[in-house]
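Structure, as structure tokens:
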């Protein structure tokens with residue numbers, strides 16, 4: 001399933017939400033979402049199960065939980081207004097869904113920055129088969 005996330009990002013002809021999230025991640029971490037986060041741990045990328053492997057993976061788990069609360073929104077494709085300046089991500093005015101999706105992404109990108117010091121390259125292309133057991137509750 002995670003491969004679908006990469007394909008989706010590569011096939012989007014206009015700036016869609018996933019590309020916006022990638023820009024936020026790069027702004028905060030100075031790393032591209034692909035390859036540094038698309039397959040990281042058990043939750044970064046599309047889907048997830050088991051326990052988060054570390055602080056970076058937990059950021060992705062919390063991001064998934066945030067999206068889970070937005071079931072009526074098109075979390076993968078809605079384009080939202082935002083700006084990157086003076087060291088901050090600022091979500092702009094939009095529809096309720098756009099504002100909520102932007103906040104989920106902003107919080108996740110900032111979380112990934114805070115967890116940079118514990119980023120483990122061994123989790124960078126972590127196989128789904130090693131993500132076992134029940135998922136934590138959001």
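Placement of Cβ uses the backbone N, Cα and C atoms for every residue, glycine included.
The signal peptide annotation in Swiss-Prot covers 1-16.
Within 10 Å of the C-beta atom of residue 17 (site 'Responsible for the weak stability and toxicity') sit 20 other C-beta atoms, taking all shown protein chains into account. Taken from Swiss-Prot, the feature site 'Responsible for the weak stability and toxicity' applies to 17, supported by experimental evidence.
Look at residue 18 (site 'Putative interfacial binding surface (IBS)'): DSSP puts it in a helix. Here Swiss-Prot flags 18 (among others) as site 'Putative interfacial binding surface (IBS)', drawing on experimental evidence.
According to Swiss-Prot, the feature site 'Putative interfacial binding surface (IBS)' maps to 19 (among others), an assignment based on experimental evidence. Cβ contacts within 10 Å of residue 19 (site 'Putative interfacial binding surface (IBS)'), excluding its own Cβ and spanning all protein chains shown: 16.
If you look up Swiss-Prot, you'll see 23 (among others) marked as site 'Putative interfacial binding surface (IBS)', on the strength of experimental evidence. For residue 23 (site 'Putative interfacial binding surface (IBS)'), the same-chain residues lying six or more positions away in sequence with a CB closer than 8 A to its CB are 84.
The Cβ neighbour count for residue 26 (site 'Putative interfacial binding surface (IBS)'), using a 10 Å radius over every protein chain in view, is 15. In this structure, residue 26 (site 'Putative interfacial binding surface (IBS)') is part of a helix by DSSP. The annotation site 'Putative interfacial binding surface (IBS)' is assigned in Swiss-Prot to 26 (among others) on the grounds of experimental evidence.
Within 10 Å of the C-beta of residue 33 (site 'Putative interfacial binding surface (IBS)') there are 24 other C-beta atoms, taking all protein chains into account. According to Swiss-Prot, the site 'Putative interfacial binding surface (IBS)' annotation covers 33 (among others).
Under the heading site 'Putative interfacial binding surface (IBS)', Swiss-Prot lists 38 (among others), citing experimental evidence as support. Of all Cβ atoms in the shown protein chains, 19 besides its own fall within 10 Å of the Cβ of residue 38 (site 'Putative interfacial binding surface (IBS)'). Following the DSSP three-state reduction, the secondary structure of residue 38 (site 'Putative interfacial binding surface (IBS)') is coil.
The Cβ of residue 39 (site 'Putative interfacial binding surface (IBS)') has 20 other Cβ atoms within 10 Å, all protein chains considered. Positions annotated as site 'Putative interfacial binding surface (IBS)' by Swiss-Prot: 39 (among others).
The disulfide bond annotation in Swiss-Prot covers 42-131 (among others). Long-range Cβ neighbours of residue 42 (disulfide bond) (same chain, at least 6 residues apart, Cβ-Cβ under 8 Å): 48, 49, 50, 51, 52, 53, 57, 61, 126, 128, 130, 131.
Counted within 10 Å of its Cβ, the other Cβ atoms near residue 47 (Ca(2+) binding site) come to 13, all protein chains included. The annotation Ca(2+) binding site is assigned in Swiss-Prot to 43, 45, 47, 64 on the grounds of experimental evidence.
Here Swiss-Prot flags 44-60 (among others) as disulfide bond. Sequence-distant neighbours of residue 60 (disulfide bond) (same chain, 6+ apart, CB under 8 A from its CB) are 37, 40, 41, 43, 44, 45, 48, 52, 108.
Just so you know, the Cβ of residue 59 (disulfide bond) picks up 25 other Cβ atoms within 10 Å once every protein chain is counted. Under the three-state DSSP scheme, residue 59 (disulfide bond) falls in the helix class. The disulfide bond annotation in Swiss-Prot covers 59-111 (among others) and is backed by experimental evidence.
The feature active site is assigned by Swiss-Prot to 63 (among others), with a curator's inference given as support. The 10 Å shell around the Cβ of residue 63 (active site) contains 22 further Cβ atoms across the protein chains shown.
The disulfide bond feature in Swiss-Prot is assigned to 65-138 (among others); the stated evidence is experimental evidence. Its Cβ taken as reference, residue 138 (disulfide bond) is surrounded by 11 other Cβ atoms within 10 Å in the chains shown.
The annotation disulfide bond is assigned in Swiss-Prot to 66-104 (among others). Within the same chain, residues at least six positions away from residue 104 (disulfide bond) with a Cβ under 8 Å of its Cβ are 63, 66, 67, 70, 75.
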Seminar exercise, completed: For residue 97 (disulfide bond), the nonlocal same-chain Cβ neighbours (under 8 Å, six or more residues apart) come out as 70, 72, 73, 74, 78
Exercise. Near residue 105 (active site), which residues of its own chain have a C-beta under 8 A away, given they sit six or more steps off in sequence?
Worked result: 17, 20, 21, 24, 63
